[in-house]
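Per TrEMBL, the features are:
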- 14, 15, 16, 17, 18, 19, 69, 70, 71, 72: NADP(+) binding site (BINDING)
- 56: NADPH binding site (BINDING)
- 12-98: domain 'Pyrroline-5-carboxylate reductase catalytic N-terminal' (DOMAIN)
- 162-268: domain 'Pyrroline-5-carboxylate reductase dimerisation' (DOMAIN)
Ligand SMILES: NC(=O)C1=CN([C@@H]2O[C@H](COP(=O)(O)OP(=O)(O)OC[C@H]3O[C@@H](n4cnc5c(N)ncnc54)[C@H](O)[C@@H]3O)[C@@H](O)[C@H]2O)C=CC1
Ligand SMILES: O=C(O)[C@@H]1CCC=N1
């Protein structure tokens, strides 16, 4: 199934906030006609209203794809209206954290063709990374369709099994928030050492953005790139001694943060 099939049979989006909106924007920019898209959202943004998609109107009976992008807590209330589309030729793609394949199959029926996808917010500028995995009813073509859909907002990787999804959410799904927090705390440290707030923020943002781009583009590993900054006995080495401390540094802190993320994800799934 390609964009052509989606154009012909339609895409239904349930919930078009930050993530649904970013995906829709990428798809429209990629050439999907607005009149091939039906959105259900009780609080549409001004941007969404101006796109020309069908908004809160009657839905096609058998769209090519239904994209589920409401909060996990809303899913059980919002899904029943789409139940008639499940079990046939429509592929369901969900970006919600927490809810497992089993959960969707309970709500929609075991015959539903389903792909779980976990993007992240750099999707808003086409720089997201999305991990996808299908249920047993999803065919190879369905994974291709989900990949084509999510490629509109960045890279796509395929998982071997659903069990990997928890770690993906903990690392890349929520990860942008960790990086934004890194910018905040680097800027705060600069401020505490006497820099003006705007200057500290500019330095922190440019450093994280530049280092991220270098890590992505360079042939060197992140470890080698770190070593390249670190003169023996120099200033970076002094800072890294604090940050890389195996008891109190970032390694155990990040492990705890990711573990907390996964624990919450499992709670949301209940
Ligand atoms: N924001 C993020 O970084 C990421 C979010 N996700 C997932 O994406 C999903 C959506 O998250 P966001 O876009 O951040 O939330 P959001 O709050 O920006 O968007 C949710 C949208 O759903 C709409 N909505 C609420 N009740 C509805 C209903 N009954 N029927 C239809 N639409 C309804 C809201 O009006 C809103 O526009 C969540 O399940 C989340 O787990 C996945 C990866 C990353
Ligand atoms: O915080 C959340 O639950 C969602 C899932 C990944 C990013 N945001």
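Each residue, glycine too, has its Cβ placed from N, Cα and C.
Because the structure is a prediction, the values reported are computed rather than measured.
The separation of residue 56 (NADPH binding site) from residue 69 (NADP(+) binding site), Cα to Cα, is 15 Å. The binding-site residues 14, 16, 69 differ in how many other CB atoms lie within 10 Å of their CB, and the one with the most is 16. Rounded to a whole value, the Cα-Cα separation of residue 71 (NADP(+) binding site) and residue 56 (NADPH binding site) is 18 Å. The Cβ of residue 56 (NADPH binding site) has 39, 40, 41, 42, 44 as same-chain neighbours under 8 Å, each 6 or more residues away in sequence. When every Cα pair among 14, 15, 16, 17, 18, 19, 69, 70, 71, 72 is compared, the largest distance found for this NADP(+) site is 14 Å. Taken together, the residues of the domain 'Pyrroline-5-carboxylate reductase catalytic N-terminal' (12-98) have an average pLDDT of 96. For the domain 'Pyrroline-5-carboxylate reductase catalytic N-terminal' (12-98), the DSSP-based tally of helix, strand and coil residues reads 33 helix, 17 strand, 37 coil. Listed in sequence order, 121, 124 are the same-chain residues six or more apart from residue 18 (NADP(+) binding site) with CB atoms under 8 A from its CB.
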